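For reference, Swiss-Prot has these:
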BINDING   44-79  FAD binding site
BINDING   193-225  NAD(+) binding site
BINDING   C423, C425, C457, C460  [2Fe-2S] cluster binding site
BINDING   C639, C645, C679, C683  [4Fe-4S] cluster binding site
BINDING   C683  siroheme binding site
Amino acid sequence: MTKPVLVLVGHGMVGHHFLEQCVSRDLHQQYRIVVFCEERYAAYDRVHLTEYFAGRSAESLSLVEGDFFTQHGIELRLSESVASIDREARVVRDAFGHETHWDKLVLATGSYPFVPPVPGHNLEGCFVYRTLDDLDQIAARAATARRGVVIGGGLLGLEAANALKQLGLETHVVEFAPNLMAVQLDNGGAAMLREKISELGVGVHTSKATTEIVRNEQGLQLNFRDGSSLATDMLVFSAGIRPQDALARSGGLSVGERGGICIDNQCRTSDPDVLAIGECALWENKIYGLVAPGYQMAARRAATLAGEAGSFSGADMSTKLKLLGVDVASFGDAQGRTPGCQSYQWTHGPQQVYKKIVVSADGKNLLGGVLVGDAGDYATLLQMMLNGMALPKHPESLILPALEGSRPKALGVAALPDGAQICSCHNVSKGDICQAVSGGAGDMAAIKSRTKAATGCGGCSALVKQVMEYQLAEQGVEVKKDICEHFPWSRQEIYHLVRVNHIRTFEQLIARYGQGHGCEVCKPLVASVLASCWNEYLLKPAHLPLQDTNDRYFANIQKDGTYSVVPRMAAGEVTPDGLIAIGQIAKRYQLYSKVTGGQRIDLFGARLEQLPAIWRELAEAGFETGHAYGKSLRTVKSCVGSTWCRYGVQDSTGLAVTLEHRYKGLRAPHKIKMAVSGCTRECAEAQGKDIGVIATEKGWNLYVCGNGGMKPRHADLFASDLDEATLIRSIDRLLMFYIRTADRLQRTSTWMDNLEGGVDYLREMILEDSLGIGEELEQEMARVVESYQCEWQTTLNDPQRLALFRSYVNSDEPDETVQRQTLRGQPQLAPFAAQGEPALPSRPWQAICDLDAIPQQAGIGARLGERQIALFRFGDQVYALDNLEPGSEANVLSRGLLGDAGGEPIVISPLYKQRIRLRDGRQCDGGEQAVRAWPVKVENGKVWVGNQQLLARAEAS
């Protein structure tokens, strides 16, 4: 018996998802399936299309697994477009006139990019951003261009702008509307997005109507209605999409007034045997331009063909994504257009975070919201909206930082109904995930495999994990609290192992109590524990591979790969000569200078190779390191106290100096801040610090476990009218007990709140020595105090360590991408305009350095011709990758931590903690190409690097 024929026109993301849904229902056995694909590539991931410019190949973007078509007997016709539909004859004709019969016809023709019909839109140098072929043309043009302009400031336009930036172009975005992402964001969110994108060096031009595009001697020029103009070398149109409905029109199918193939709840067109799904389909006068609704249409249509009940009833258009490195989320009625609705907004200007929620008139339901700069609340808020969950009495608490005594605002997954949609891309509910866990799926890999949750855009990953862990706990399965895959221990247990067994190195610890090579979680944690216990020099060969970039170079890394320098100024005291020396150094090295809230001076913009020279001059002027880079004591802030102030009752400055010099260099689970006030007027703000001291007529009041920041907490009064010796003894005990028992990266405030008994328990333990360990804690602190060393002074006296402070092991040239401009009389970051791709050496192999020049289990920067690369020494192997950290403009990958993930050697980038495989430069999770990888060989102790990237060599072969 001859099978009926199902023809699918269009093989994009939605089209392929339809095929997968058909296969899962065995429809490939009921139908002969023929697929027409206009492009030369089978379906690929358009969501991550920009990664193509980061070195990801067309093959890695493909959505087609292995021999999918052969295995399931589906016929794929690549580079074949359908020219017409003959509904009476039930055939489609391709561009060559060949006819293919169909019994069911599915149109998944997608959309095409909208190009405004302005004069000059078709000039050479004008492109659209839609397909891999489009991207190849853009890349070819960008190789000889300096500046690129994108017309369109929506989702697609900002994606295209990101692509141009990755190609090294000076990038501008032109938008007709007053705001970027005008559909998704309100005015406040759009303003914050614009501010953040502008800081990245992207020019933003809103309210610009392009009247013409002309060619001149310099290239292209856009002329605007307001009389202004903008010159460019190339232009990319990414101003939205239009449904690809021409085929349906020619076949006499019903289409919308503004385009789109009209469909019903079963995705049927005006001809019941012709179906339409995805961006070409118009459902209730609405075109869905996101992949998740298209997937839902595809799944619904396949289910209907298989005889299952159900219908397509619309889809949530909420979205969460990262645009040019900026987290953005929009859901529901983001613009607040519902009659009578109320909105709450919160802005954190310094951190460039904007949050807004819209609630119903009665304040009972969440209707929508906008998040820019921090989208961490997206999953919680979206579930509350989709499931109609009751709002708290004060809805604003959902977006405000948690205050003292308030409960966490995160929504417990136990409160979600089983039908709550967790993954919109694949329509996976909470119940689906719980069922998968009950069926034996006990980790994220198994959940993804069984349900496909978190395999689409990935935005639901955190919530999927929460549901999985909830169900595991419900089944009585212990959810491990191991710090990472390398150590089945908590931080407290690791501290105990190190202290009791006198373990002095990471290698000793992992050999006895762990496995593998470590990661960005356990290495810095163990480094901190070792320093708290033994206080050895951090750059000893055994300790260097554990240090994050700030501790490895004793400075705070900034967004452009330079560092900030903070000399210690105990209690804020500084001599006139000291001030003059700091000013002269800042001027000599062109450093941006700023007074900090901790009463110190911060100098920004020091290149890696400049740090030793800067610190040599600071040391000669009497300064030592301020430990602004470490999880350690930062500052002890003070007022002038009784020395100068008429209200002061004690010498607060003198005590602050004593405390700062006592605890400087103390490593802890998190940073420690202190303050001393000379009277109850509290000018030093001691009650907002980890350790706060306020003078009284009889002595000192001690306050503990406060902090400022995003979640401020008022410190608790711990003891009153203490003499100085008792005060210091109490602080010694409390800090060492905190170091012993706190979790990883846990501030003192959270630590105390999690202690059973809270501050009362601490008083008994510290003041009354209820556990009998007071003297032991004091002795541990005494050893730390006695073993203090200024890390910079030690480094300056060690030529071998100084050799690590260089940007390139084989060149003394500075990083050309670090540029400065003057603003308010001071040096500031300036965008770097790349002049095409850096030149590679003409010879196949270039000698870079001696093997011993690369630290064991660490990396160092180098130059391959003019290209910046990172060399990593992992055991007996040497690897070479591009030095540019993905998603940044900083050549800093060489300063990342080395480790492994499931035995796979990886580097963890220093700025944004991205896990990248050393062998091929791909992302550890997902396999997307992150950076280029280069061949390496070691001969006679010399490291050589090849001039043809590994990916290109592999594809050529």
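Heads up, the Cβ atoms here are built off N, Cα and C, so glycines get one too.
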_G203 (NAD(+) binding site) and I74 (FAD binding site), Cα-Cα, nearest whole angstrom_ = 47
*Could you round the CA separation between C425 ([2Fe-2S] cluster binding site) and S79 (FAD binding site) to a whole angstrom and send it over?*
28
*Measuring Cα to Cα, tell me the gap between G203 (NAD(+) binding site) and L49 (FAD binding site) in whole angstrom.*
22
*Report the nearest neighbour of C639 ([4Fe-4S] cluster binding site) in space among the binding-site residues K208, Q218, C423, C460, comparing Cα positions.*
C460
*If we check Cα distances from C460 ([2Fe-2S] cluster binding site), which of the binding-site residues E59, L193, K208, N223, C683 wins as closest?*
L193
_Chain-mates of C639, C645, C679, C683 with C-beta within 8 Å of site centroid, [4Fe-4S] cluster_ = V640, G641, Y647, G648, S652, S677, G678, R681, E682, A684
*By a simple count, how many Cβ atoms lie within 10 Å of the Cβ of I74 (FAD binding site), its own Cβ left out?*
19
*asked:* On the three-state reduction of DSSP, what should I expect for L49 (FAD binding site)?
replied: helix
*Spatially speaking, which of the binding-site residues L49, I213, C423 is closest to C683 ([4Fe-4S] cluster binding site)? Use C-alpha to C-alpha, please.*
C423
*At the Cα level, what's the spacing in Å between Y44 (FAD binding site) and K208 (NAD(+) binding site), rounded?*
34
*Taking the binding-site residues one at a time (S79, S198, Q218, N223), which has its Cβ surrounded by the most other Cβ atoms within 10 Å?*
N223
_Chain-internal residues near C645 ([4Fe-4S] cluster binding site), provided their CB is under 8 angstroms and they sit 6+ positions away_ = C639, G678, C679
*Quick one: Cα separation, V64 (FAD binding site) versus C423 ([2Fe-2S] cluster binding site), in Å?*
21
*List the Cα distance (Å, whole number) between L49 (FAD binding site) and C423 ([2Fe-2S] cluster binding site).*
21
*By a simple count, how many Cβ atoms lie within 10 Å of the Cβ of C423 ([2Fe-2S] cluster binding site), its own Cβ left out?*
27
*Determine the most Cβ-crowded residue among the binding-site residues L193, I213, C460, C679, using a 10 Å radius around each Cβ and all protein chains in the structure.*
L193
*Measure the Cβ-based neighbour count of K208 (NAD(+) binding site), defined as the other Cβ atoms within 10 Å of its Cβ.*
20
